[in-house]
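Per TrEMBL, the features are as follows:
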- 362-385: region 'Disordered' (REGION)
- 363-375: compositional bias 'Polar residues' (COMPBIAS)
- 376-385: compositional bias 'Acidic residues' (COMPBIAS)
- 419-496: domain 'Recombination activating protein 2 PHD' (DOMAIN)
- Cys424, Cys428, Cys451, His457, His460, Cys463, Cys483, His486: Zn(2+) binding site (BINDING)
Amino acid sequence: MPSENMSLQMVTVSNNIALIQPGFSLMNFDGQVFFFGQKGWPKRSCPTGVFHLDVKHNHVKLKPTIFSKDSCYLPPLRYPATCTFKGNLESEKHQYIIHGGKTPNNELSDKIYVMSIVCKNNKRVTFRCTEKDLVGNVPEARYGHSINVVYSRGKSMGVLFGGRSYMPSTHRTTEKWNSVADCLPHVFLVDFEFGCATSYILPELQDGLSFHVSIAKNDTIYILGGHSLANNIRPANLYRIRVDLPLGSPAVNCTVLPGGISVSSAILTQTNKDEFVIVGGYQLENQKRMICNIISLEDNKIEIREMETPDWTPDIKHSKIWFGSNMGNGTVFLGIPGDNKQVVSEAFYFYTLKCAEDDMNEEQTTFTNSQTSTEDPGDSTPFEDSEEFCFSAEANSFDGDDEFDTYNEDDEEDESETGYWITCCPTCDVDINTWVPFYSTELNKPAMIYCSHGDGHWVHAQCMDLAERTLIHLSAGSNKYYCNEHVEIARALHTPQRVLPLKKPPMKSLRKKGSGKILTPAKKSFLRRLFD
(Lines of atoms letter the chains of each structure in order from A; the text may use other names.)
(Lines give C-alpha, C1' and ligand atoms only; values in the text may rest on other atoms or scores of the structure.)
Protein backbone atom coordinates (compact mmCIF):
# COMPACT_ATOMS: atom_id res chain seq x y z
CA MET A 1 0.00 0.00 0.00
CA PRO A 2 1.19 3.57 -0.63
CA SER A 3 2.47 5.27 2.47
CA GLU A 4 0.17 8.04 3.71
CA ASN A 5 3.28 9.86 4.85
CA MET A 6 5.50 9.90 1.80
CA SER A 7 9.18 10.40 2.50
CA LEU A 8 10.90 13.31 0.69
CA GLN A 9 14.67 13.46 0.98
CA MET A 10 17.17 15.76 -0.68
CA VAL A 11 20.10 13.96 -2.33
CA THR A 12 23.46 15.20 -3.50
CA VAL A 13 25.02 14.25 -6.82
CA SER A 14 28.75 13.91 -6.35
CA ASN A 15 29.85 13.82 -9.98
CA ASN A 16 28.72 14.91 -13.43
CA ILE A 17 25.60 16.63 -12.15
CA ALA A 18 25.31 18.45 -15.50
CA LEU A 19 24.39 15.13 -17.11
CA ILE A 20 21.03 15.12 -15.33
CA GLN A 21 18.73 17.59 -17.03
CA PRO A 22 15.06 17.59 -18.07
CA GLY A 23 14.08 14.80 -20.42
CA PHE A 24 16.09 11.91 -18.95
CA SER A 25 14.78 8.40 -18.26
CA LEU A 26 15.51 5.84 -15.57
CA MET A 27 15.52 2.07 -16.00
CA ASN A 28 15.24 -0.37 -13.10
CA PHE A 29 16.86 -3.77 -13.60
CA ASP A 30 16.35 -6.01 -10.57
CA GLY A 31 16.56 -3.10 -8.15
CA GLN A 32 19.49 -1.37 -9.86
CA VAL A 33 18.62 2.00 -11.39
CA PHE A 34 20.28 3.23 -14.58
CA PHE A 35 20.29 6.74 -15.99
CA PHE A 36 19.74 7.34 -19.72
CA GLY A 37 19.24 10.47 -21.80
CA GLN A 38 22.01 12.90 -20.94
CA LYS A 39 21.88 16.33 -22.56
CA GLY A 40 24.71 16.13 -25.08
CA TRP A 41 26.49 13.37 -26.95
CA PRO A 42 28.17 10.53 -25.01
CA LYS A 43 31.79 11.00 -24.09
CA ARG A 44 34.76 8.80 -24.84
CA SER A 45 34.98 7.76 -21.20
CA CYS A 46 31.39 6.50 -21.34
CA PRO A 47 30.45 6.01 -25.01
CA THR A 48 27.21 4.24 -24.11
CA GLY A 49 25.72 7.26 -22.36
CA VAL A 50 24.12 4.90 -19.80
CA PHE A 51 25.11 5.27 -16.15
CA HIS A 52 24.38 3.32 -13.00
CA LEU A 53 22.53 5.69 -10.66
CA ASP A 54 23.98 4.54 -7.37
CA VAL A 55 22.12 6.05 -4.41
CA LYS A 56 23.55 5.41 -0.95
CA HIS A 57 22.84 7.44 2.16
CA ASN A 58 21.22 10.25 0.16
CA HIS A 59 24.30 10.47 -2.02
CA VAL A 60 24.18 9.80 -5.78
CA LYS A 61 27.06 8.63 -7.94
CA LEU A 62 26.94 8.10 -11.70
CA LYS A 63 28.98 5.09 -12.77
CA PRO A 64 29.54 4.37 -16.49
CA THR A 65 28.25 1.12 -17.97
CA ILE A 66 29.34 -0.71 -21.11
CA PHE A 67 27.60 -2.44 -23.99
CA SER A 68 28.35 -5.87 -25.42
CA LYS A 69 30.23 -6.10 -28.71
CA ASP A 70 27.10 -7.17 -30.58
CA SER A 71 25.18 -4.07 -29.48
CA CYS A 72 24.04 -1.32 -31.81
CA TYR A 73 24.70 2.36 -31.21
CA LEU A 74 22.20 4.04 -28.88
CA PRO A 75 22.09 7.85 -29.10
CA PRO A 76 21.21 9.88 -25.99
CA LEU A 77 17.46 10.32 -26.36
CA ARG A 78 15.47 12.77 -24.29
CA TYR A 79 11.70 12.56 -23.81
CA PRO A 80 11.48 9.04 -25.33
CA ALA A 81 8.79 6.46 -24.58
CA THR A 82 10.00 3.54 -22.46
CA CYS A 83 8.44 0.46 -20.91
CA THR A 84 9.42 -2.95 -19.59
CA PHE A 85 8.89 -6.11 -21.61
CA LYS A 86 9.07 -9.82 -20.80
CA GLY A 87 10.12 -12.06 -23.66
CA ASN A 88 9.67 -15.78 -24.11
CA LEU A 89 13.26 -16.76 -23.36
CA GLU A 90 14.92 -16.78 -19.96
CA SER A 91 17.49 -14.28 -21.26
CA GLU A 92 14.59 -11.97 -22.17
CA LYS A 93 13.05 -12.06 -18.72
CA HIS A 94 13.49 -8.33 -18.17
CA GLN A 95 13.99 -5.88 -21.01
CA TYR A 96 13.30 -2.23 -21.70
CA ILE A 97 11.76 -0.93 -24.91
CA ILE A 98 12.85 2.57 -26.00
CA HIS A 99 11.13 4.43 -28.82
CA GLY A 100 11.49 7.95 -30.21
CA GLY A 101 12.94 10.91 -28.36
CA LYS A 102 15.16 13.87 -29.18
CA THR A 103 18.87 13.77 -29.96
CA PRO A 104 21.19 16.61 -28.85
CA ASN A 105 20.95 18.06 -32.37
CA ASN A 106 17.17 18.38 -32.00
CA GLU A 107 16.54 15.53 -34.40
CA LEU A 108 13.68 13.17 -33.62
CA SER A 109 14.12 9.41 -33.61
CA ASP A 110 11.67 6.89 -35.08
CA LYS A 111 13.66 3.83 -34.03
CA ILE A 112 12.89 1.13 -31.46
CA TYR A 113 15.67 -0.17 -29.21
CA VAL A 114 15.62 -3.13 -26.83
CA MET A 115 17.85 -2.94 -23.73
CA SER A 116 18.79 -6.00 -21.69
CA ILE A 117 21.55 -7.02 -19.28
CA VAL A 118 23.93 -9.73 -20.48
CA CYS A 119 26.46 -9.64 -17.64
CA LYS A 120 26.40 -8.27 -14.12
CA ASN A 121 29.00 -8.46 -11.40
CA ASN A 122 30.09 -6.36 -8.47
CA LYS A 123 32.30 -4.24 -10.71
CA ARG A 124 30.02 -3.22 -13.55
CA VAL A 125 27.02 -4.07 -15.70
CA THR A 126 27.16 -4.97 -19.39
CA PHE A 127 24.11 -4.14 -21.52
CA ARG A 128 23.04 -5.40 -24.91
CA CYS A 129 21.20 -2.91 -27.11
CA THR A 130 19.51 -4.06 -30.31
CA GLU A 131 17.57 -2.07 -32.85
CA LYS A 132 14.23 -3.38 -34.12
CA ASP A 133 13.43 -2.70 -37.77
CA LEU A 134 9.76 -1.95 -38.40
CA VAL A 135 7.62 -2.51 -41.48
CA GLY A 136 4.03 -1.62 -42.24
CA ASN A 137 2.47 1.52 -40.72
CA VAL A 138 5.67 2.74 -39.08
CA PRO A 139 5.04 5.49 -36.47
CA GLU A 140 6.68 8.79 -37.38
CA ALA A 141 9.53 10.17 -35.29
CA ARG A 142 8.18 11.76 -32.12
CA TYR A 143 8.76 12.55 -28.46
CA GLY A 144 6.60 12.98 -25.34
CA HIS A 145 4.53 9.88 -26.21
CA SER A 146 3.94 6.53 -24.51
CA ILE A 147 4.63 2.89 -25.32
CA ASN A 148 3.26 -0.06 -23.35
CA VAL A 149 3.04 -3.82 -23.74
CA VAL A 150 -0.25 -5.73 -23.51
CA TYR A 151 -0.64 -9.49 -23.02
CA SER A 152 -3.61 -11.37 -24.48
CA ARG A 153 -4.22 -15.06 -25.24
CA GLY A 154 -0.60 -15.94 -24.57
CA LYS A 155 0.72 -13.27 -26.96
CA SER A 156 2.16 -9.81 -26.44
CA MET A 157 2.02 -6.60 -28.44
CA GLY A 158 3.42 -3.10 -28.04
CA VAL A 159 0.96 -0.18 -28.04
CA LEU A 160 2.23 3.28 -29.00
CA PHE A 161 0.20 6.47 -28.66
CA GLY A 162 0.49 10.26 -28.72
CA GLY A 163 3.48 12.56 -28.77
CA ARG A 164 4.74 15.48 -30.81
CA SER A 165 6.62 15.67 -34.06
CA TYR A 166 8.05 18.32 -36.35
CA MET A 167 5.69 19.84 -38.85
CA PRO A 168 5.78 18.20 -42.31
CA SER A 169 8.59 19.45 -44.52
CA THR A 170 6.04 20.98 -46.91
CA HIS A 171 4.80 23.24 -44.09
CA ARG A 172 8.14 24.12 -42.52
CA THR A 173 9.46 27.63 -43.07
CA THR A 174 12.67 29.30 -42.00
CA GLU A 175 10.78 31.12 -39.24
CA LYS A 176 9.22 27.92 -37.92
CA TRP A 177 11.79 25.32 -38.90
CA ASN A 178 11.69 23.51 -35.57
CA SER A 179 8.01 24.03 -34.77
CA VAL A 180 6.27 20.93 -33.49
CA ALA A 181 2.68 19.73 -33.74
CA ASP A 182 0.57 17.05 -32.11
CA CYS A 183 0.89 13.65 -33.73
CA LEU A 184 -2.37 12.27 -35.08
CA PRO A 185 -4.30 10.39 -32.35
CA HIS A 186 -3.68 7.01 -33.93
CA VAL A 187 -2.98 3.88 -31.92
CA PHE A 188 -0.10 1.75 -33.20
CA LEU A 189 0.30 -1.94 -32.47
CA VAL A 190 3.90 -3.12 -32.74
CA ASP A 191 4.89 -6.78 -32.94
CA PHE A 192 8.37 -6.91 -31.40
CA GLU A 193 9.02 -10.43 -32.70
CA PHE A 194 8.35 -9.80 -36.40
CA GLY A 195 8.75 -6.00 -36.46
CA CYS A 196 5.29 -5.31 -37.91
CA ALA A 197 3.47 -2.07 -37.06
CA THR A 198 -0.23 -1.42 -37.66
CA SER A 199 -2.12 1.86 -37.22
CA TYR A 200 -5.66 2.08 -35.83
CA ILE A 201 -8.04 5.06 -35.94
CA LEU A 202 -10.44 5.08 -32.99
CA PRO A 203 -13.36 7.55 -33.05
CA GLU A 204 -13.10 8.21 -29.31
CA LEU A 205 -9.62 9.68 -29.77
CA GLN A 206 -10.13 13.01 -31.52
CA ASP A 207 -7.19 15.18 -30.36
CA GLY A 208 -3.50 14.53 -30.21
CA LEU A 209 -1.99 14.24 -26.74
CA SER A 210 1.52 14.31 -25.36
CA PHE A 211 3.14 13.95 -21.95
CA HIS A 212 0.20 11.93 -20.67
CA VAL A 213 0.20 9.10 -18.13
CA SER A 214 -0.26 5.55 -19.39
CA ILE A 215 -0.77 2.36 -17.37
CA ALA A 216 -0.92 -1.14 -18.81
CA LYS A 217 -2.39 -4.22 -17.14
CA ASN A 218 -2.93 -7.48 -19.01
CA ASP A 219 -4.78 -6.54 -22.24
CA THR A 220 -5.80 -3.02 -21.17
CA ILE A 221 -4.13 0.39 -21.28
CA TYR A 222 -5.38 3.49 -19.46
CA ILE A 223 -4.51 6.92 -20.90
CA LEU A 224 -4.77 9.73 -18.36
CA GLY A 225 -4.42 13.50 -18.77
CA GLY A 226 -1.92 14.92 -21.23
CA HIS A 227 -1.42 18.16 -23.11
CA SER A 228 -3.04 19.11 -26.42
CA LEU A 229 -0.67 21.44 -28.22
CA ALA A 230 -3.25 22.44 -30.85
CA ASN A 231 -5.74 23.63 -28.21
CA ASN A 232 -3.17 24.42 -25.50
CA ILE A 233 -5.26 22.63 -22.89
CA ARG A 234 -4.78 19.79 -20.43
CA PRO A 235 -8.13 18.02 -20.61
CA ALA A 236 -9.24 15.71 -17.82
CA ASN A 237 -9.09 12.70 -20.12
CA LEU A 238 -9.39 9.08 -19.09
CA TYR A 239 -9.40 6.49 -21.88
CA ARG A 240 -9.43 2.71 -21.66
CA ILE A 241 -7.93 0.91 -24.66
CA ARG A 242 -8.37 -2.85 -24.87
CA VAL A 243 -6.43 -5.07 -27.26
CA ASP A 244 -7.57 -8.58 -28.10
CA LEU A 245 -4.99 -10.82 -29.79
CA PRO A 246 -6.80 -13.81 -31.37
CA LEU A 247 -5.27 -15.98 -34.09
CA GLY A 248 -6.47 -13.54 -36.74
CA SER A 249 -6.28 -9.76 -36.81
CA PRO A 250 -6.07 -7.91 -33.46
CA ALA A 251 -9.16 -6.12 -32.19
CA VAL A 252 -8.70 -2.68 -30.64
CA ASN A 253 -11.44 -0.68 -28.94
CA CYS A 254 -11.51 2.48 -26.83
CA THR A 255 -13.87 3.62 -24.07
CA VAL A 256 -14.11 7.12 -22.56
CA LEU A 257 -14.31 6.85 -18.77
CA PRO A 258 -15.32 9.49 -16.21
CA GLY A 259 -13.16 10.64 -13.32
CA GLY A 260 -10.05 11.79 -15.17
CA ILE A 261 -7.68 14.50 -13.97
CA SER A 262 -6.07 17.43 -15.73
CA VAL A 263 -2.30 16.97 -15.65
CA SER A 264 0.66 16.76 -17.99
CA SER A 265 4.22 15.54 -17.51
CA ALA A 266 3.33 13.70 -14.31
CA ILE A 267 5.53 10.89 -13.00
CA LEU A 268 3.97 7.48 -12.38
CA THR A 269 5.39 4.96 -9.94
CA GLN A 270 4.04 1.56 -8.94
CA THR A 271 3.56 0.88 -5.24
CA ASN A 272 2.12 -2.65 -5.42
CA LYS A 273 0.51 -5.05 -7.88
CA ASP A 274 -2.66 -3.03 -8.45
CA GLU A 275 -1.81 0.45 -7.16
CA PHE A 276 0.14 3.39 -8.52
CA VAL A 277 0.94 6.93 -7.44
CA ILE A 278 0.96 10.01 -9.67
CA VAL A 279 3.46 12.69 -8.63
CA GLY A 280 4.29 16.08 -10.07
CA GLY A 281 3.35 17.45 -13.44
CA TYR A 282 1.56 20.63 -14.46
CA GLN A 283 -2.08 21.67 -14.34
CA LEU A 284 -1.60 24.98 -16.17
CA GLU A 285 1.16 26.69 -18.10
CA ASN A 286 4.07 27.10 -15.65
CA GLN A 287 1.84 26.06 -12.74
CA LYS A 288 2.90 22.87 -11.06
CA ARG A 289 0.37 20.34 -9.83
CA MET A 290 1.26 19.79 -6.18
CA ILE A 291 -1.47 17.19 -5.56
CA CYS A 292 -0.64 13.47 -5.58
CA ASN A 293 -3.09 10.75 -6.57
CA ILE A 294 -3.47 7.04 -5.93
CA ILE A 295 -4.65 4.92 -8.87
CA SER A 296 -6.18 1.53 -8.09
CA LEU A 297 -6.80 -1.12 -10.76
CA GLU A 298 -9.05 -3.95 -9.58
CA ASP A 299 -11.60 -6.13 -11.40
CA ASN A 300 -11.10 -4.25 -14.67
CA LYS A 301 -11.99 -0.98 -12.94
CA ILE A 302 -9.89 2.10 -12.31
CA GLU A 303 -10.25 4.38 -9.30
CA ILE A 304 -8.39 7.67 -8.86
CA ARG A 305 -8.32 9.46 -5.51
CA GLU A 306 -6.23 12.17 -3.91
CA MET A 307 -3.75 11.28 -1.22
CA GLU A 308 -1.89 13.21 1.42
CA THR A 309 0.86 15.21 -0.23
CA PRO A 310 4.43 15.04 0.98
CA ASP A 311 5.91 17.90 2.95
CA TRP A 312 7.18 19.85 -0.04
CA THR A 313 10.21 22.03 0.71
CA PRO A 314 10.01 25.81 0.09
CA ASP A 315 12.39 25.42 -2.86
CA ILE A 316 10.06 22.92 -4.53
CA LYS A 317 6.99 25.01 -3.81
CA HIS A 318 8.47 28.18 -5.31
CA SER A 319 10.21 26.68 -8.33
CA LYS A 320 8.48 27.26 -11.66
CA ILE A 321 9.43 23.90 -13.13
CA TRP A 322 10.24 20.42 -11.90
CA PHE A 323 11.05 17.18 -13.65
CA GLY A 324 12.02 13.63 -12.89
CA SER A 325 11.47 9.95 -13.54
CA ASN A 326 10.36 6.73 -11.89
CA MET A 327 13.12 4.84 -10.10
CA GLY A 328 10.93 1.79 -9.50
CA ASN A 329 9.93 0.26 -6.18
CA GLY A 330 7.58 3.16 -5.47
CA THR A 331 10.33 5.81 -5.59
CA VAL A 332 10.52 8.95 -7.72
CA PHE A 333 13.61 10.98 -8.61
CA LEU A 334 12.79 14.73 -8.72
CA GLY A 335 14.80 17.74 -9.88
CA ILE A 336 14.28 21.51 -9.61
CA PRO A 337 16.39 24.45 -10.85
CA GLY A 338 19.11 25.75 -8.57
CA ASP A 339 18.91 29.08 -6.79
CA ASN A 340 20.74 31.64 -8.93
CA LYS A 341 20.95 33.99 -5.96
CA GLN A 342 23.61 31.85 -4.37
CA VAL A 343 27.26 32.63 -5.02
CA VAL A 344 27.93 28.99 -5.86
CA SER A 345 24.82 27.27 -7.16
CA GLU A 346 24.21 23.99 -8.91
CA ALA A 347 22.10 23.99 -12.07
CA PHE A 348 19.61 21.63 -10.43
CA TYR A 349 18.83 20.21 -6.99
CA PHE A 350 17.52 16.66 -6.63
CA TYR A 351 15.22 14.76 -4.30
CA THR A 352 13.98 11.21 -3.86
CA LEU A 353 10.33 10.71 -2.96
CA LYS A 354 9.39 7.32 -1.52
CA CYS A 355 5.71 6.49 -1.93
CA ALA A 356 5.82 2.90 -0.64
CA GLU A 357 7.72 0.64 1.69
CA ASP A 358 10.73 -1.21 0.28
CA ASP A 359 8.96 -4.57 0.09
CA MET A 360 7.95 -4.79 -3.57
CA ASN A 361 8.95 -7.95 -5.35
CA GLU A 362 9.97 -8.46 -8.96
CA GLU A 363 6.54 -9.71 -10.06
CA GLN A 364 4.99 -6.45 -8.91
CA THR A 365 7.52 -4.19 -10.54
CA THR A 366 7.33 -5.90 -13.92
CA PHE A 367 3.63 -6.66 -14.00
CA THR A 368 2.71 -3.36 -15.66
CA ASN A 369 4.40 -1.01 -18.03
CA SER A 370 3.99 2.73 -18.02
CA GLN A 371 5.34 5.79 -19.71
CA THR A 372 8.39 7.40 -18.21
CA SER A 373 6.93 10.86 -17.88
CA THR A 374 9.23 13.83 -17.88
CA GLU A 375 9.10 17.57 -17.83
CA ASP A 376 7.06 19.14 -20.62
CA PRO A 377 9.32 21.34 -22.76
CA GLY A 378 6.41 23.66 -23.33
CA ASP A 379 6.42 24.37 -19.62
CA SER A 380 10.12 25.15 -19.30
CA THR A 381 11.09 27.78 -21.79
CA PRO A 382 14.28 28.70 -19.88
CA PHE A 383 15.77 25.30 -20.78
CA GLU A 384 15.77 24.97 -24.55
CA ASP A 385 16.97 21.74 -26.12
CA SER A 386 19.37 23.71 -28.29
CA GLU A 387 21.55 24.60 -25.33
CA GLU A 388 24.77 22.64 -25.00
CA PHE A 389 26.30 21.84 -21.64
CA CYS A 390 29.78 21.24 -20.35
CA PHE A 391 30.87 19.15 -17.41
CA SER A 392 31.74 20.98 -14.24
CA ALA A 393 32.29 18.24 -11.67
CA GLU A 394 35.55 16.88 -10.35
CA ALA A 395 37.43 14.59 -12.67
CA ASN A 396 38.15 12.05 -9.95
CA SER A 397 34.70 12.03 -8.42
CA PHE A 398 34.01 8.41 -9.30
CA ASP A 399 34.88 5.66 -6.87
CA GLY A 400 38.64 5.50 -6.73
CA ASP A 401 38.51 1.91 -5.57
CA ASP A 402 36.80 0.78 -8.77
CA GLU A 403 39.15 0.80 -11.72
CA PHE A 404 36.26 0.41 -14.15
CA ASP A 405 34.43 3.49 -12.91
CA THR A 406 37.07 6.09 -13.72
CA TYR A 407 35.56 8.92 -15.72
CA ASN A 408 38.05 11.65 -16.51
CA GLU A 409 36.29 14.77 -17.74
CA ASP A 410 39.60 16.45 -18.56
CA ASP A 411 39.89 14.06 -21.51
CA GLU A 412 36.70 15.36 -23.06
CA GLU A 413 35.99 18.28 -25.32
CA ASP A 414 33.93 21.19 -24.05
CA GLU A 415 30.61 20.84 -25.83
CA SER A 416 29.73 24.45 -25.13
CA GLU A 417 32.49 25.29 -27.61
CA THR A 418 32.17 22.41 -30.07
CA GLY A 419 28.40 22.13 -30.24
CA TYR A 420 26.68 23.04 -33.46
CA TRP A 421 24.25 25.49 -31.88
CA ILE A 422 26.75 28.13 -30.78
CA THR A 423 27.46 31.78 -31.44
CA CYS A 424 30.74 31.48 -33.28
CA CYS A 425 31.44 35.17 -33.90
CA PRO A 426 29.89 38.59 -33.13
CA THR A 427 28.04 38.53 -36.44
CA CYS A 428 26.88 34.89 -36.20
CA ASP A 429 23.41 34.57 -37.67
CA VAL A 430 22.90 30.79 -37.44
CA ASP A 431 19.84 30.24 -35.29
CA ILE A 432 18.38 26.86 -34.34
CA ASN A 433 14.86 28.02 -35.10
CA THR A 434 15.57 29.58 -38.50
CA TRP A 435 18.48 27.59 -39.88
CA VAL A 436 18.00 25.71 -43.13
CA PRO A 437 20.64 23.76 -45.10
CA PHE A 438 22.86 26.04 -47.18
CA TYR A 439 25.65 23.69 -48.23
CA SER A 440 25.10 20.20 -49.57
CA THR A 441 27.67 19.08 -46.99
CA GLU A 442 25.51 20.25 -44.11
CA LEU A 443 22.79 17.60 -44.39
CA ASN A 444 20.90 18.29 -41.16
CA LYS A 445 23.31 20.43 -39.17
CA PRO A 446 25.32 23.57 -39.94
CA ALA A 447 28.70 23.04 -41.61
CA MET A 448 31.53 24.03 -39.28
CA ILE A 449 35.28 24.39 -39.52
CA TYR A 450 37.98 24.60 -36.88
CA CYS A 451 39.91 27.85 -36.42
CA SER A 452 43.50 27.03 -35.45
CA HIS A 453 44.25 30.25 -33.58
CA GLY A 454 45.29 29.76 -29.96
CA ASP A 455 43.55 26.79 -28.40
CA GLY A 456 41.24 26.68 -31.41
CA HIS A 457 37.48 27.06 -31.67
CA TRP A 458 34.65 26.07 -34.01
CA VAL A 459 33.04 28.50 -36.45
CA HIS A 460 30.15 28.21 -38.89
CA ALA A 461 31.23 28.08 -42.52
CA GLN A 462 28.27 30.27 -43.48
CA CYS A 463 29.26 33.01 -41.05
CA MET A 464 32.81 32.98 -42.43
CA ASP A 465 31.55 33.29 -46.04
CA LEU A 466 33.37 30.13 -47.02
CA ALA A 467 32.40 28.64 -50.35
CA GLU A 468 31.51 24.98 -50.15
CA ARG A 469 34.42 24.10 -52.40
CA THR A 470 36.81 25.93 -50.07
CA LEU A 471 35.26 24.27 -47.05
CA ILE A 472 35.76 20.81 -48.53
CA HIS A 473 39.35 21.65 -49.48
CA LEU A 474 40.24 22.91 -46.00
CA SER A 475 38.51 20.01 -44.30
CA ALA A 476 40.17 17.36 -46.47
CA GLY A 477 43.67 17.63 -45.07
CA SER A 478 45.49 19.00 -42.07
CA ASN A 479 45.42 22.57 -43.35
CA LYS A 480 45.26 25.31 -40.78
CA TYR A 481 42.35 27.72 -41.08
CA TYR A 482 41.88 31.06 -39.37
CA CYS A 483 38.46 32.68 -39.06
CA ASN A 484 37.74 36.29 -39.97
CA GLU A 485 38.55 37.47 -36.46
CA HIS A 486 41.98 35.85 -36.36
CA VAL A 487 43.14 35.86 -39.96
CA GLU A 488 45.03 39.16 -39.49
CA ILE A 489 46.70 37.81 -36.38
CA ALA A 490 47.68 34.71 -38.29
CA ARG A 491 49.21 36.77 -41.10
CA ALA A 492 51.33 38.65 -38.59
CA LEU A 493 52.87 35.47 -37.31
CA HIS A 494 56.34 34.93 -38.73
CA THR A 495 57.96 31.58 -39.02
CA PRO A 496 61.32 31.58 -37.21
CA GLN A 497 64.37 31.26 -39.45
CA ARG A 498 65.55 27.75 -39.80
CA VAL A 499 68.75 27.09 -37.86
CA LEU A 500 71.00 24.58 -39.53
CA PRO A 501 72.49 21.97 -37.22
CA LEU A 502 76.20 22.26 -36.43
CA LYS A 503 78.37 19.95 -38.50
CA LYS A 504 80.84 17.97 -36.45
CA PRO A 505 83.88 16.66 -38.26
CA PRO A 506 83.94 12.88 -38.29
CA MET A 507 86.48 11.16 -36.15
CA LYS A 508 89.48 9.99 -38.18
CA SER A 509 90.42 6.42 -37.69
CA LEU A 510 93.86 5.10 -38.25
CA ARG A 511 93.60 2.15 -40.55
CA LYS A 512 96.26 -0.18 -41.73
CA LYS A 513 96.98 0.48 -45.35
CA GLY A 514 95.24 -2.04 -47.55
CA SER A 515 93.07 -3.15 -44.68
CA GLY A 516 89.45 -2.28 -44.07
CA LYS A 517 89.67 -3.08 -40.39
CA ILE A 518 89.92 -0.56 -37.58
CA LEU A 519 93.16 -0.96 -35.60
CA THR A 520 93.03 -1.66 -31.91
CA PRO A 521 94.52 0.94 -29.47
CA ALA A 522 97.50 -1.34 -28.79
CA LYS A 523 98.32 -1.60 -32.51
CA LYS A 524 97.92 2.20 -32.92
CA SER A 525 100.46 2.82 -30.17
CA PHE A 526 102.88 0.30 -31.66
CA LEU A 527 102.70 1.92 -35.13
CA ARG A 528 103.29 5.43 -33.69
CA ARG A 529 106.45 4.28 -31.92
CA LEU A 530 107.58 2.43 -35.04
CA PHE A 531 107.26 5.41 -37.40
CA ASP A 532 108.57 7.95 -34.91
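One is the number of the first residue shown, and numbering goes on along the chain from there.
Glycine too: its Cβ is placed from the backbone N, Cα and C atoms.
This view paints the features noted in TrEMBL onto the structure.
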residue: Cys424; record: Zn(2+) binding site; Cβ neighbours (10 Å): 23
residue: Cys428; record: Zn(2+) binding site; Cβ neighbours (10 Å): 14
residue: Cys451; record: Zn(2+) binding site; Cβ neighbours (10 Å): 23
residue: His457; record: Zn(2+) binding site; Cβ neighbours (10 Å): 18
residue: His460; record: Zn(2+) binding site; Cβ neighbours (10 Å): 23
residue: Cys463; record: Zn(2+) binding site; Cβ neighbours (10 Å): 19
residue: Cys483; record: Zn(2+) binding site; Cβ neighbours (10 Å): 21
residue: His486; record: Zn(2+) binding site; Cβ neighbours (10 Å): 16
What mean pLDDT score does the domain 'Recombination activating protein 2 PHD' (419-496) have in the model?
76
For the recorded Zn(2+) site, whose residues are Cys424, Cys428, Cys451, His457, His460, Cys463, Cys483, His486, find every other residue on that chain with a C-beta no more than 8 angstroms from the centre of their C-beta atoms, and list them by sequence position.
Cys425, Trp458, Val459, Met464, Asn484, Glu485
